[in-house]
Amino acid sequence: MKYRDLREFIALLEQRGELKRIQQSIDPYLEMTEIADRTLRVGGPALLFENPKGYDIPVLCNLFGTPQRVALGMGQEEVGALRDVGKLLAFLKEPDPPKGFRDLVEKLPQFKQILNMPTKRLSKAPCQEQVLQGDDVDLATLPVMHCWPQDVAPLVSWGLTVTRGPCKSRQNLGIYRQQVLGKNKLIMRWLSHRGGALDFQDWCQAHPGERFPVAVALGADPATLLAAVTPVPDSLSEYAFAGLLRGHKSEVVKCLSCDLEVPASAEIVLEGYIEPGETAPEGPYGDHTGYYNEVERFPVFTVTHLTQRDRPIYHSTYTGRPPDEPAVLGLALNEVFVPLLQKQFPEIVDFYLPPEGCSYRMAVVTMKKQYPGHAKRVMMGVWSFLRQFMYTKFVIVCDDDINARDWQDVIWALTTRMDPARDTLLIENTPIDYLDFASPVSGLGSKMGLDATNKWPGETQREWGHPIVMDEAVRARVDTLWNELDIFANDKDAQ
């Protein structure tokens, strides 16, 4: 699916019946959340609120409200094709040199995709068609959603934040929520291990007391947004990866106030700085956990310039108890993670992050077990391989005869193949999401690994059970009789 910017993507969704325009006046205060939530829970379309109450800028919600739309945003027609995106990422993370001519021919598509990686800088860009600066900047003109009754203030939710560390050539793109604090101020909620926060820490060490340049793009194209939430290798720019997804180079433009580059086709861009030491209490907000989070201090982002397209569109979302849009994104990105893990751990058959577990707090892994203790090695591998799994509290490991995505299968394995004392691994004092109020200390808690695999000699002294399986000849015989038996005839008559 080819598109160049958010507007082209919206048009393509509309052609497919995947976008609904809403003409009624809908309030960004709570009403949009309720409508978007009801729509997402039944797999409904993206929503374009054309007449937000009190504003003249349309609001786009539920853009990634189904895994299929996430796949389309990544340039794929089917969710299953996201495995190919994962294979490409695995290749970029650790490229294997061709082993011969035939292997070179097979790898040519990957090498051709890499040609789309460099960015293209434009001298003029749609995102700078209108320019406001200084006292003319007023965030109150944007229809920023106030999502839940006890939220402290309106919240920018899809802000693509662009930063660069003092010793880095590549820019970092990240999605961080931002509380509206005033006319030209937001609170930048980035966790300490995220790219933007690390760039800021490095800047403060290299340039103590100096302002840290930041830009935030609202309404960037889907490929760039999705690249920002995908585990791209540290050596690869998210802009470059977005070019791979999109099939053509990412077009960027230099900010008016600094050297950072922003997506040329973004609907709205906020430029400004963070003053070292300037922080403010952020929250509470209803979060993806289904609870209001605690209040914590984060840096303040001061906006000096607001640039935008003519007749801009404001892109927004809400977070709440799954399913919400982050949970849907997690479900789709799950397919990207599988090939990455399999390249490092070929014994892994499948990997599943249940959306009910906030899409990262629990993982189910199926594997081809090869030796005693193998399941524990896989647990450790999951926790340590990607930063995205640093906050995963529970890892369940099963054999490959179990369907990782079927709870009936997983629970059967847990209850028949596990001894709680022998097969439970507990690790204390590990990094935990500070939003996880179940941990005894903010940001620090425990992890649990559950070995639900069949036990090998050395792991048990008992004779292990043999699964019940019907004789194949009998199964074949019943297959030939099945239609003739017409066992469900009464059900058909009732219909």
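Backbone N, Cα and C define each Cβ position, glycine as well.
Annotated features, as they stand in Swiss-Prot:
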BINDING   ASN172, GLU238  Mn(2+) binding site
BINDING   ILE175, TYR176, ARG177, ARG189, TRP190, LEU191, ARG194, GLY195  prenylated FMN binding site
ACT_SITE  ASP287  active site, proton donor
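Feature map: annotations from Swiss-Prot on the structure.
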{"residue": "ASN172", "record": "Mn(2+) binding site", "DSSP (3 states)": "strand"}
{"residue": "ARG189", "record": "prenylated FMN binding site", "DSSP (3 states)": "coil"}
{"residue": "ARG194", "record": "prenylated FMN binding site", "DSSP (3 states)": "coil"}
{"residue": "GLU238", "record": "Mn(2+) binding site", "DSSP (3 states)": "helix"}
{"residue": "ASP287", "record": "active site, proton donor", "DSSP (3 states)": "coil"}
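Checking each of the recorded positions ASN172, GLU238, ASP287 against ARG189 (prenylated FMN binding site) by C-alpha distance, the shortest gap belongs to ASP287.
The sparsest Cβ neighbourhood within 10 Å, among the listed binding-site residues (ILE175, LEU191), is found at LEU191. Nearest by CA distance to GLU238 (Mn(2+) binding site), out of the binding-site residues ILE175, TYR176, ARG177, LEU191, ARG194, is ILE175. Within the same chain, the residues at least 6 positions away from TRP190 (prenylated FMN binding site) whose Cβ sits under 8 Å from its Cβ are THR161, GLY174, TYR176, GLY196, ALA197, PHE200, PHE298, PRO299, listed in sequence order.
Listed in chain order, the extra residues whose Cβ falls within 8 Å of the Cβ center of the prenylated FMN site residues ILE175, TYR176, ARG177, ARG189, TRP190, LEU191, ARG194, GLY195 are THR161, GLY174, MET188, GLY196, ALA197. Long-range Cβ proximity for ASN172 (Mn(2+) binding site), meaning a same-chain Cβ under 8 A and a gap of 6 or more residues, is found for VAL162, THR163, ARG164, GLY165, GLY195, GLY196, LEU198, ASP199, GLU238.
Same-chain residues at least 6 positions away in sequence with a Cβ under 8 Å from that of ARG177 (prenylated FMN binding site) are, in sequence order, LEU155, VAL156, SER157, GLY159, ARG189, TYR285.
Other Cβ atoms within 10 Å of the Cβ of ARG189 (prenylated FMN binding site) number 21 in total over all chains.
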